[in-house]
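Down below is the structure, laid out as structure tokens.
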Amino acid sequence: MGRHRRGRDIHGVLLLDKPQDISSNDALQKVKRIFNASKAGHTGALDPLATGMLPVCLGEATKFSQFLLDSDKRYRVIARLGQRTDTSDSHGQIISERAIQLSQVQLDAALDKFRGDTMQIPSMYSALKYQGKPLYEYARQGIEVEREARPITVYELQFIRWENDELELEIHCSKGTYIRTIIDDLGELLGCGAHVIYLRRLQVANYPNDRMVTLEQLYELQKQAKDQEIPVGELIDSLLLPMDSAIAHFPEVNLIPVVAAYFKQGQAVRSAKSPALVESMVRVTEGDERKFIGIAVINDDGLVAPRRLVVESRD
């Protein structure tokens, strides 16, 4: 007897509006249970303090989550000036308090230093791993690990307001950028210290923020399904974006079914309409319905060579 698969073969991306004070993994597990999905993964953790867009990939969509990890992000952040904490946010312990003695001109000049391409040393309170363990585990033991500065890009850093000891900013940045570290570094540059008291992720890649869904909305739909004695999927599956939405910007190669059959077996195939760029990544679809079947690269021979394939569900 074959092993019974747990959960549904449901595939797609849910844009979860993560609530405050739960971990990204806890939020992921709640979504997985509500959808009764056999497989799920998120695309870039948010701190427990943070709220906002957390794309949750279900089923075969998990194969393409790396492209969301690599994408740009946009955040709204409120910092408290005059206090520095060990975690660079309000969940940590205050380690210094200093007077706020600066002008708008000084603030603007300091903010400008964080725009564009810079190098950032990640916080000890991050999920980056050192010798197989997250840095935050070392930090909780009082162990400081040397970290290398990493290149980041801040495409846009917009000043929103400065009132008393609160500074509000909107930041559009590259992958791997730690907003807490930007705020901590800014506080040190200003000479007063700073830490994050509010953080919301507004956008990941080009996903529309009006498609975000809260856990409360999911629970309400789950309750409605139970009351109506219908499968919960009838009410919530329509909330999912297509599994290839993370790579919608890739050039498309459409294969006729007879050629697609070879591609789905892992073979490189020829397409009359392949993009000219060798080694370019493409999104592969099948037939007139343009069903997404995987991603590929165009190899030196001009063939469409599979890189990741969608495994079709078998009843």
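Each residue, glycine too, has its Cβ placed from N, Cα and C.
Residues annotated as substrate binding site in Swiss-Prot: HIS42, TYR75, TYR178, LEU199. Taken residue by residue with DSSP, LEU199 (substrate binding site) is part of a strand.
ASP47 (active site, nucleophile) falls outside any helix or strand according to DSSP and counts as coil. Here the Cβ of ASP47 (active site, nucleophile) has 23 other Cβ atoms within 10 Å, regardless of which shown protein chain they belong to. Marked as active site, nucleophile by Swiss-Prot on the basis of sequence analysis: ASP47.
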Seminar exercise, completed: For LEU199 (substrate binding site), the number of neighbouring Cβ atoms whose distance to its own Cβ is within 10 Å equals 23
For this session: Compile a sequence-ordered list of residues in the same chain as HIS42 (substrate binding site), six or more apart from it, whose Cβ lies below 8 A from its Cβ; state 'none' when nothing qualifies.
Result: SER24, ASN25, ALA27, LEU28, LEU54, PRO55, VAL56, CYS57, SER65
For this session: Would you count the other CB atoms within 10 A of the CB of TYR178 (substrate binding site), including those on all shown protein chains?
Result: 21
Problem set entry | Surrounding CB atoms that lie within 10 Å of the CB of TYR75 (substrate binding site), all protein chains | 22
